[in-house]
């Protein structure tokens, strides 16, 4: 999870003064330390920053309406159309089951491989394979095949809960709607909110509890957000 926040820093070019250094280390951190492709993260995350909480343009809110009814405007639209994909009046109950625990181990785990093969991102695939080779060589002699698969699932399960709670708490409570072509500054503000600052919250969220500052100044090093 902490490697996730670290790759986020490199992906936003906020660590080194030279862009290419950020790109190089980004591939190492997300590829070798996490087993995911940098190109996949860039593709999704840059869309999110361009149009946060804009339905059909921000990939992070694509769960509407398949699993959840998001935002007041979109929810009312669903009610008028009487399209019930899920029992949305109970979504606050089933969110804990199909949201945080499932995103990384059940969806991201296979989709990242589909993404790199479909787009022929062979360099990213090579970095990803170094993660899995290292993981298996390290733990296979200790745990066996079943043990290593169980460990991998457990790690992804914990990471998924950690990741989803952090990324959703500072966006989903805010305004969600179709793209109204509002000016960039207002678009960022209406889609982001901050979470109380504390030593633990700063560490746990990778300083993304300062989500407003991050969206307004995405290349700023995270330890300066509070200023």
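In case you wondered, yes, glycine gets a Cβ from its N, Cα and C as well.
The domain 'Fatty acid desaturase' annotation in TrEMBL covers 3-225.
Annotation source TrEMBL lists transmembrane segment at 94-116 (among others). Tertiary proximity for the transmembrane segment (94-116) is limited to same-chain residues at least six positions away from its ends with a CB under 8 Å from its CB atoms, namely 35-37, 39-40, 43, 67-68, 86-87, 122, 124-125, 128, 153, 156-157, 159-161, 163-165, 168.
Residues 105 of the same chain lie 6+ residues outside the transmembrane segment (136-155) yet bring a C-beta within less than 8 angstroms of a C-beta in it. What TrEMBL records for 136-155 (among others) is transmembrane segment.
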